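Presented below is the structure to which this report refers.
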Amino acid sequence: MNKNITGRVIGLYKQNYIISHNESIIRCFPKGKKNEAVVGDFVNIDYKSNRYYTITEVIQRNNLFLRSDMTKSRKIAANIDNVMIIVAAEPDFSVELIFKVIIEAIRCDTKVTIILNKKDIKESIKIARDKLYFTEILGIPLLEISAKYPGSEEKSILNIVKDKVTLLVGPSGMGKSTLVNLLIPEAHATTREYSRFLNTGKHTTSYTKLYKLAIENSYIIDSPGFKDFGLNHLSFNEIIKPFSEFREFNNKCKFYNCTHCHEPGCKIIESKINGIIDERIYYLYKKIMGKYILTHNN
């Protein structure tokens with residue numbers, strides 16, 4: 001093998017990387033913190049003695065999907081085209097949490113689709129559907145499926161991910177693993193192989209992985225479930241951007257630095273009072289922006 005090659009990161013656990021190169025899998029280590037790569041990155045690799053490989057450079061990314069808290073940002077995946085958010089009829093999910101993911105996806109300039117799983121649970125699906133009211137208002141595609149009892153929706157999902165790199169994200173317990181196994185029947189075996197390469201132990205699967213789909217030039221990045229999704233790495237304008245109902249009024253407020261949460265002369269608050277802006281959308285915005293302002297002022 002050449003001493004210097006280019007590959008793609010398809011698995012990552014702590015400081016162990018799996019790189020795909022010409023259908024081969026290589027285990028690598030980073031060369032210094034400045035070269036920290038994530039799944040989806042294209043990287044240059046240097047071959048050392050004793051089959052030891054190091055990542056020497058991360059090739060410029062098209063985008064980088066993050067989540068953050070008050071102290072640090074966590075890199076999830078790079079060079080993605082789609083973000084597919086998985087929620088379910090059961091267990092319950094937070095609308096605020098899901099919308100934060102949408103905000104980050106739009107910052108990355110990716111398409112967003114929400115998958116509502118477990119539609120076979122008839123008594124809960126309507127409640128879950130009603131919680132996703134904003135998808136129709138903001139034009140976000142919503143697809144209802146049953147990953148456990150699949151039907152024609154599998155074809156619909158494959159049409160969404162075709163010729164794309166799609167990141168699957170969502171809270172824990174929503175059936176994301178079942179969906180991955182539906183789309184990629186060999187996923188469980190592939191995960192075992194990744195774990196062997198990364199020395200994570202046979203029961204450890206809580207790391208981000210990239211899978212190649214059977215359809216050409218199509219990939220799924222499966223990321224671990226989460227309970228929180230911070231936006232501290234974003235600017236005010238990046239957070240407000242997905243709220244498309246606000247655009248007409250955003251620059252017409254009395255104060256140039258209006259947060260649209262409490263200020264007098266705010267045209268967005270006025271439009272909400274007059275019924276022009278959906279009240280539910282406004283209060284969702286206010287909840288997200290209020291927490292953002294609180295953390296940035298501390």
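Cβ from N, Cα, C; glycine included.
Just one of Cys108, Cys266 is listed by TrEMBL for the same Zn(2+) site as Cys253, Cys258, His260, and that one is Cys266. Straight-line distance linking the Cα atoms of Cys253 (Zn(2+) binding site) and Lys176 (GTP binding site), rounded to a whole number, equals 42 Å.
Counting every protein chain shown, 19 other Cβ atoms lie within 10 Å of the Cβ of Cys253 (Zn(2+) binding site).
Recorded residues Gly170 (GTP binding site) and Cys266 (Zn(2+) binding site) have their alpha carbons 34 Å apart, per Cα-Cα distance. With respect to Ser172 (GTP binding site), the closest of these binding-site residues in Cα terms is His260, chosen from Cys258, His260, Cys266.
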